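The structure that follows is given in the form of structure tokens.
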Amino acid sequence: MEYTHQYSWIIPFIPFPVPMLIGVGLLLFPTATKYLRRMWAFPSILLLTIVMMFSLDLSIHQINNSSFYQYVWSWTINNDLSLEFGYLIDSLTSIMSILITTVGILVLIYSDNYMSHDQGYLRFFAYLTLFNISMLGLVTSSNLIQIYVFWELVGMCSYLLIGFWFTRPIAANACQKAFVTNRVGDFGLLLGILGLYWITGSLEFRDLFQIINNLIYKNEVNIFFLTLVALLLFCGSVAKSAQFPLHVWLPDAMEGPTPISALIHAATMVAAGIFLVARLLPLFIVLPAIMNGIAFIGIITVVLGATLAIAQQDIKKNLAYSTMSQLGYMMLALGMGSYRAALFHLITHAYSKALLFLGSGSIIHSMEALVGYSPAKSQNMVLMGGLTKHVPITKTSFLVGTLSLCGIPPFACFWSKDEILNDSWLYSPIFAIIACCTAGLTAFYMFRIYLLVFEGYLNVHFLNFNGKKNSSFYSISLWGKKEVKQKLKNKNFFLALLRMKNNEMTSFFIRKIYPHRINQNVKNITCLFFDINYFGTKKTACLYPNESDNTMRFSILVLVLFTLFVGTIGISFSYKGIDFDILSKWLIPFIDLLHKNSKNFVDWYEFLTNAAFSVILTFLGIFIASFFYKPVYSDLQNLNLLNLFEKNVLNKKVADYFQNVIYDWSYNRGYIDVFYDISLITSVRKLVQFNYFFDKKIIDAIPNGIGITSFFMGEAIKYVGGGRISSYILLYIFYIVIFILIWYFLFTNI
């Protein structure tokens, strides 16, 4: 074990040759490097697999021995200053390294096919590998300075990948938005690190927590200042993990390629914030105000993320808000002191969300053949539907991920989420009720995605892409602005799912008309025809979405296995005296404020009681989603239920107003972006414009005015001093007159 730990420092550096060689190759041999570009996927995957095997060995040792290993090198600059750097191996490090490498390998395999057509293939793999390196360096860091360095590298890689298609203005703006938002949190983190060093004189984790505890015990530290420092440290996690109010960058980050969205949301960018809070939890625990603040921010984010997800059209933005909500659960658990539950949910959510994102990437990949490469169309759920028979493997995989995220037993997220919900009843019944209700809301918006994408007809068949009016319901240009027009024709039920608001927004509730018969013209549409010219010969092609290639399906199917079985590592049960709770062994020693006096802290009766309540709410959310989104023609009973609801609703106007308020809140992102735009962005721009005006018109005007005045005075004087004695005498008399006048006005009144 000692031998294994001695070489743990190489973990972040093993994959480093790939981005380095790609960069050198593109610089020195660009043609050959681009020609052989597909070969770079193999070393990327191979080296990360080696890291995974190394991490797996460390994890096995950690489970068996529950050890803590730290090695530090010291570089002494002078007697008063020395720099220390090293690596730290404990349970948190081993868990995160396994998570990063397993998800990273599957994303790399998936990306080889997904990005094969892209001219930036090599650049993408270099960024992606560097992203994994940065995250591995972050989780193995032994002090806060190292963490901050790798923290910034993780951020840099995420910005590069969010703005990967930088020629698209939307992607470039999303990259800038992520950068600016995270600057706020990172600046707070830097101030917190400096404040902590000022208090303790050390940033090494082996000394830091002990020094803080001693200072508090001896009452030698200002608690208010220490709380402020801890709050600044937490600000970094708020921004990185997209917690309220610094969450606004996360949905816009979906402008990057889908594989990087999977990696960001599963194991790197947003996981970094959770990791930092978990690493600093011994510091936060001694400050109850900070712990309560973490839990409060977590519960707000849980609710906000769920409510903002219920009316989004973009499939990736829906999943982004879902990630935001699930990260809120993890932050809530850490704020409650439930360390095990938070890390358990981090693990299960990572694999489930990676599965959902790679599944959505497969859907987007198949839709691009029909609607083009514009994300406004290929990611728009309004244009999907009926994909079950076209992409059955993706559909089944996506359903598994959806059931897991909803918390349906026995899938992975059920065990972790319900452990958080169970602990929340011990912490605060109010928080527990909110968290349980949000679990039902999670089921609603996740099945909304599933039903809109896979059920019904392929909605793109009703669109005309040439911009000319015809019998289709909508006219939409392939790349330009949306030209969406609602046309009620023959009272087709299909419009219930495609109700457009303000020419671009789709309601999340079925509206108005529920016919008993389906128009035969709708039934008879079987494929979408395009006229294609091949060297003057006109041919007609029939396009359907197709299942992804084998490499993409391989990653998805492996993640299905993880989603099915990874939850078992955290189930507390024993057989013949043997404890099979792998996660608890892995995390020993760990912090648990809610079960201090219990060896086996899972009360199965209490757990199952609370789980039954949350599962009932989950099924209620699924039922409501099916009620509104399941195609009415697929089930006559569902159609009758809709008509019954339409006839017997007490006050239709009130109901419509209520759902419109919910829809507007969700679609407009809770008006938080608008608030920031008005209160911050517009104000800052006006301030900058005023500063520019003041600088150019006032500050610069003073020296410029003096210069211009001097120039004209010189021009006037040069004509006087032309070598003529009469001019000199006249100028001399003029000066004398001025001197006499000055003397007269100054001294005559004395």
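Any Cβ shown, glycine's included, is placed from N, Cα and C.
Quick paste of what Swiss-Prot says about this protein:
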{"type": "TRANSMEM", "residues": "40-60", "note": "transmembrane segment"}
{"type": "TRANSMEM", "residues": "147-167", "note": "transmembrane segment"}
{"type": "TRANSMEM", "residues": "185-205", "note": "transmembrane segment"}
{"type": "TRANSMEM", "residues": "219-239", "note": "transmembrane segment"}
{"type": "TRANSMEM", "residues": "258-278", "note": "transmembrane segment"}
{"type": "TRANSMEM", "residues": "280-300", "note": "transmembrane segment"}
{"type": "TRANSMEM", "residues": "327-347", "note": "transmembrane segment"}
{"type": "TRANSMEM", "residues": "354-374", "note": "transmembrane segment"}
{"type": "TRANSMEM", "residues": "396-416", "note": "transmembrane segment"}
{"type": "TRANSMEM", "residues": "425-445", "note": "transmembrane segment"}
{"type": "TRANSMEM", "residues": "554-574", "note": "transmembrane segment"}
{"type": "TRANSMEM", "residues": "607-627", "note": "transmembrane segment"}
Please indicate, using numbers and ranges, the residues of the same chain that are 6 or more beyond the transmembrane segment (280-300) and have a C-beta under 8 Å from a C-beta there.
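For the transmembrane segment (280-300), the sequence-distant neighbours (Cβ-Cβ under 8 Å, at least 6 residues beyond its ends) are 208-209, 212-213, 216, 223, 226-227, 230-231, 233-234, 238, 243-244, 328-337, 339, 427-428, 431, 434-435, 591, 593.
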Under an 8 Å Cβ to Cβ limit, what residues of the same chain, 6 or more beyond the ends of the transmembrane segment (396-416), are close to it?
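Answer is 322, 326, 341, 344-345, 347-349, 351-353, 355-356, 359-360, 363, 439, 442-443, 446-447, 449-450, 453-454, 556-557, 559-560, 562-568, 570-571, 611, 614-615, 618, 621-622.
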Tally Cβ pairs under 8 Å between the transmembrane segment (554-574) and each listed stretch (258-278, 354-374, 425-445), then give the stretch with the top tally.
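The stretch with the most close Cβ contacts to the transmembrane segment (554-574) is 354-374.
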So are the transmembrane segment (425-445) and the transmembrane segment (354-374) touching or not, going by 3+ C-beta pairs under 8 A with a sequence gap of 6 or more?
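They do not touch: fewer than three Cβ pairs between the two stretches lie under 8 Å.
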Should the transmembrane segment (147-167) and the transmembrane segment (258-278) be scored as in contact, given a threshold of at least 3 Cβ pairs under 8 Å and pairs 6 or more apart?
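Answer yes: the transmembrane segment (147-167) meets the transmembrane segment (258-278) with 3 or more Cβ pairs below 8 Å.
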Could you give the residue numbers and ranges of same-chain residues that sit at least 6 residues beyond the transmembrane segment (607-627) on either side and whose C-beta is under 8 angstroms from one of its C-beta atoms?
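Counting only partners 6 or more residues beyond its ends, the transmembrane segment (607-627) has Cβ contacts under 8 Å with 406-409, 414, 417-419, 421-422, 425, 436-437, 439-448, 451, 638, 641-642, 645.
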For the transmembrane segment (327-347), give me same-chain residues lying six or more residues beyond its boundaries with a C-beta closer than 8 angstroms to one of its C-beta atoms, as numbers and ranges.
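Non-local partners: 92, 95, 99, 237, 241-243, 270-271, 273-274, 277-278, 281, 285, 291-305, 413, 415-417, 419-420, 423-424, 426-427, 431, 435, 566, 569-570, 583-584, 587, 590-594.
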